[in-house]
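Record features, source TrEMBL:
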COMPBIAS  1-21  compositional bias 'Basic and acidic residues'
REGION    1-65  region 'Disordered'
COMPBIAS  26-36  compositional bias 'Polar residues'
DOMAIN    78-431  domain 'Putative ER transporter 6TM N-terminal'
TRANSMEM  105-126  transmembrane segment
TRANSMEM  132-155  transmembrane segment
TRANSMEM  191-208  transmembrane segment
TRANSMEM  214-237  transmembrane segment
TRANSMEM  249-270  transmembrane segment
TRANSMEM  655-672  transmembrane segment
DOMAIN    679-815  domain 'Integral membrane bound transporter'
TRANSMEM  684-704  transmembrane segment
TRANSMEM  710-727  transmembrane segment
TRANSMEM  732-749  transmembrane segment
TRANSMEM  755-774  transmembrane segment
TRANSMEM  795-818  transmembrane segment
REGION    1015-1097  region 'Disordered'
COMPBIAS  1030-1044  compositional bias 'Acidic residues'
COMPBIAS  1051-1065  compositional bias 'Basic and acidic residues'
REGION    1162-1184  region 'Disordered'
Amino acid sequence: MDNDEGQRQDRNEEREKRIDAESPLDGSTHTHTDGTPYTPPAPKSRDHNASDAVPGGNDEPRDKKPNFLARLATRLGLDAGTLIAMFKGSLPPTIAIAMYQAAPITAYFTTLGYLVPIVSVLALAILPRGKFLMNMVLNLFSVCLGAAISMLALWSAVKARENTRSSAPPPSSGTGGGQALTMVPYNSSQSAVCAVWLFFGIWLGNVVRAKLPAFNLPVIIFSIFVNVAATYGPFMTTTTGAQKFVKELLTAMLVALALALAVNLLVFPISSRLVVFNEFEGAIGLLRRTVKLQREYLVSLEKEDMFAVASHATGSGEENGKRLTKEERAAKQLKETGDRMRQLAGKLHADIPFAKRDFAWGKLDGDDIGQLFTLFRNVYIPVLGMMTIIDIFKRVSEHRGWKRHHDQDEEGVELSDEEIAAKEKEKRVWNEVMKQMHEPFEILSGAIDQGLEHAGLCLGLLPRPKKARDVEAQGDQVRPGDPRLAKVIEEKVAAFYSKKGELLRTWVRERGFRLDDNDDGNGEEFFTEQRERDQSQLYIILYMENLMHASGEAVQALVTFADRKVADGTMSQSRVIIPSNKRLKKLLLSVFNNEDSSGEESPDLTETRNTIVYFGDGYNRKKDPEHLPPATTWQHFGNGLRKISAFFGSEESMFGFRVACATMTVGIVAFLEETQRFFMEQRLVWAMIIIALGMTMTSGQSFFGFLCRVGGTVIAMVLSLIIWYIVDERPAGAIVIMWLFIFISYYFFVKYPRFIPAIMIAIVTQVLIIGYELQTIRLGKEIAERTGQPWYPTYLLAPYRLACVAGGSLVAFFWTIFPSPLTDRTWLRRDLSATLYLVANYFGVISSTLRSNLDDTAGDADTPGTPAHQLHKVGRKIFGKVMMLVPSMMQHSEWQRWEPTIGGRFPREAYDDIIARSTRIMSYLTLISYTLMHPTRVYHAKSEMNDVQEDGEKPVRSREWLNALAKVLRTLRPTHHSILSTLTLLSNSLLSGQSLPPFLPLPRPYEMTRRLMTLSSSPPYSRGVHDEDNGADEESTEEEDEVDGAPVRLVDSRTGRDDRDEDRLLRKRTTRSNHQLGNIPEHHSGGRSRGQARKGRSAEVNILDPRNMEQPGYAEFAVLQVCTTLVCDDLEGLVKAVSGLVGVVDFSFRYEGSESTLGAVEGVGTSSGGLRRRKGQRDSTASE
């Protein structure tokens, strides 16, 4: 790599440190595992020419050593994006308080002016434009709905007063918030009506809040509106006064939202597209670094001292006080980078919809961004998939005992000299394989690195470097950004394919396989353990090389897309980009769609992260065993009545009821004659607002929020005293100092998203205290006290505010756990159950895809309407659901620490293990799905690797080997049913808490390979193989049973039939419908000569013959076998972990005594130490 490329790589690595975690601008409140949040992007437009960006190159002067301030800013992460977010966040409340000093504003709002800066803070002006506008629409809807409900409540309350008083009222001026409220006589009917409306409004808003997380902040603003209106309602004597009061409230909130809107759109505007483009930039850097670290890890496996302890000079040599080996050190660095890449990929998945729906002045439209993300996803899946070599190597080394003492086995028994020599030989073979893979991977890693940089430069995602002064020194070298680079990358991928073939042929020769065509493969090699190991090693080689090849082809597609956008003029000039009506409609519908919603999809920073995912008809919408589906009109009507009852009994309705009860615990004071005056004097409405801010569905979050809100208010109290008295109570100085403190508070808002609720309380409390003092100065003490609130100096007002916040937070926490809490531990268990269910669904999609591919009935995945296209859409939807659930589970795992433990300790280690294994299984299944949907190209001409056919068509993939494999798999019946059934059973056990059965069907690793190898050397199968035209469909049940050898049969739960009968019927339907698939593109013609048929029969007999390793489909089969083996290993661990949580049904007998005790048991029938019956015991271990 030359100096120019090296400096660009260094700059990308610098960017990675800023983009390795989640951005608070994205509506997500999750933090990265390393605790470093992603800072907002600087307002540099990525939609303009990339040449306008900051240049760099080998002619730049060497940077000087930064001064103290620069080092401090780097240490604190104070880059341009963070400073802009801090400045934008501090502007709206400061403008609102400064604006209140004007006489017209003061005269209009009177004592309600404090609501303007508070609501301007809750409007979140620092969000990217797309999310902010979506949030603004929801806020406007909530404010208008709150105004309507409040007006209806006050009107009905006034009517209640009019209908219950004894004499006509005195004439009223009809003033609203400025009237002397304490002079109004008490009316119990009016207070009761206001209390009822308050309870209903709070319940309704929080039901919506629990059902649709996108309404979290809008419902809080709605609750503020209803709380203020309802508590002032008992003092309203006329409809005109009530109308004026509601109008003032509505105007105050609309002004606050308008301030936030102006700041967001006019002050350093940041679009959602810019956020996504910055994430693409960081992802490109992380991918390039991942490829580099992957190369270093493979190098560490080449050396015989790979288990030697790493030296201190290499860095990262210790973990938890333990010295790491060279392999562990390289694996640690690679895993850390891969985890950061996965986090950023998840953010991209959540931010892409907002970027596609954004209005902008730029170059790439919504369709281009969606296509770019799809292509980028096709790159990072195989690149990150190559990291599974870490898990593979770890399991191989543990299974082979490479890390143990060289002369002992796993039980500590001394090994013989032959066994020691065999173990050392196997390690050397592994080292040689890694050495042989070094050169092909070196070629491919260079192509991937250059291709990613080229795409980033062409699409304006990366800044273009300065042009070198010495042009002659570069010669004809093709660099990223040059249109000729696509041809260079294609040649490198072809060269990699050539080297891959040489490596495979060398490995086969070294292992002693014959590659001549004279061997018919009819069982000359017998099934041995060594052969099984050799076959597994061949799978691993093919697995890695197939992922490398897929990565290269994915980068080729990305480069082609970038070059096409440059060639068609898309990147030449900017234009107005307006999202289509379809996208805007989807945006509005997604807000009210409760199928999939999470913090990432919500435009809200204070989202409590209770992810809601629709799992499908098979999970939550169970059939009612007490009711058949409705058949008549009356039965349908009855079902509607049952839905109403189910709605009021749902968790969302119960949460709304809790919040309403908590609000009324404080609000009841405002509706009783003896305490009404006390409520107004002590400003207890602020405690009710804190309840609206602080109520959460789970107890862990509530307890943590209670501590945070009290702590934030203590800090705000101290800061308010400093703000007010450091400038000697002068308004101008107080406003400036308050802006400075709010500006600093937003630093923690941006960098520590976990504490956002506490920081928002601190900011709002400062605004409330200082705003009240400034309001009193402007209005005068007499007018300020007209609402019944006596004036307090700041040193008294600040502690009173603290007492209100502490009381409101305590009430919120009490009603969260009373009468029975919904704990984060319960929510975590439900999320785990849902994740396992979705993983089972994903595995079912993959199984269907595999079967349709083998039967050649899938069609093209890019053609709408084909089975492959439908399966691909379903798979991606399930994948997105799991990606939303994983962060939610991690959050609940953290929150449960704050829940008081009553009884035994919470088994967090078991839950974390289930989360990790479920995530790994999903990663392995994603690799299988990707491999099935994106098969690599096959180059037929070895001498001309990059030639295409004369007619310009793509090379045809021969289906000869795939057809033989399909025929054999129909006979063997793959064991995927057991994996699917086990995952579903584990999901149901976690959800219901019921014990597992004592025995579960689990396939062994490489079970399919073992059966194929046995089949290739068994006479019954060679006798049972018939001609292709009539053999497959006429095999008898006895022959299948003879080959299968299974002691039990699998019965389809839906039909009750034997699974083999279902397979036989499916094969007959497939045979009869082959003539009706003319609309599906054929990959290979079915006609073959008699010689080809004989060759096909030979392939069927020995399907795993290494001579077939270059056949289309063999490498994909290897990927399937390796990933399935990894899935089986983690599935076994899942069964062990889940059984430890829910137990195992066990009615067996256990003998714990001696023979004499057994005789006593036989004679007498009782014994304290003999036979014991474990009656239905839920044991955490397997049955003995």
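Glycine is treated like the rest: Cβ placed from N, Cα and C.
Those TrEMBL annotations? Automatic predictions, nothing curated.
Proximity of distant same-chain residues to the transmembrane segment (732-749), defined by a Cβ-Cβ separation under 8 Å and at least 6 residues beyond the stretch ends, is recorded for 24, 76, 78, 82, 85-87, 89-90, 93-94, 97-98, 126, 719, 722-724, 726, 755-756, 759-760, 762-763, 766-767, 770, 773-774. When the domain 'Integral membrane bound transporter' (679-815) is classified with DSSP, helix, strand and coil residues number 117 helix, 0 strand, 20 coil. Among 132-155, 214-237, 655-672, 710-727, 755-774, 655-672 has the largest number of CB pairs under 8 A with the transmembrane segment (684-704). Two recorded stretches are said to be in contact when at least 3 C-beta pairs lie under 8 angstroms, sequence spacing 6 or more; the transmembrane segment (191-208) and the transmembrane segment (710-727) fall short of this definition. Taking every listed stretch (105-126, 655-672, 710-727) in turn, the largest tally of C-beta pairs under 8 A with the transmembrane segment (132-155) is reached by 105-126. Here the transmembrane segment (105-126) touches the transmembrane segment (755-774). Their Cβ atoms form 3 or more pairs under 8 Å, with each pair 6 or more residues apart. Scored by C-beta pairs under 8 angstroms, the transmembrane segment (795-818) has its highest count with 655-672, from the stretches 214-237, 655-672, 755-774.
The transmembrane segment (655-672) shares the most Cβ pairs under 8 Å with 214-237, out of the stretches 214-237, 710-727, 755-774. Non-local neighbours of the transmembrane segment (755-774) in the same chain are 24, 29, 93, 97, 100-101, 113-114, 117-118, 121-122, 605-606, 686, 690, 693-694, 705, 708-709, 711-713, 715-717, 719-720, 723-724, 729, 731, 734-735, 738, 741-742, 745-746, 748-749, 794, 797-798, 801, 805; each lies 6+ residues outside the stretch with a CB under 8 Å from one of its CB atoms.
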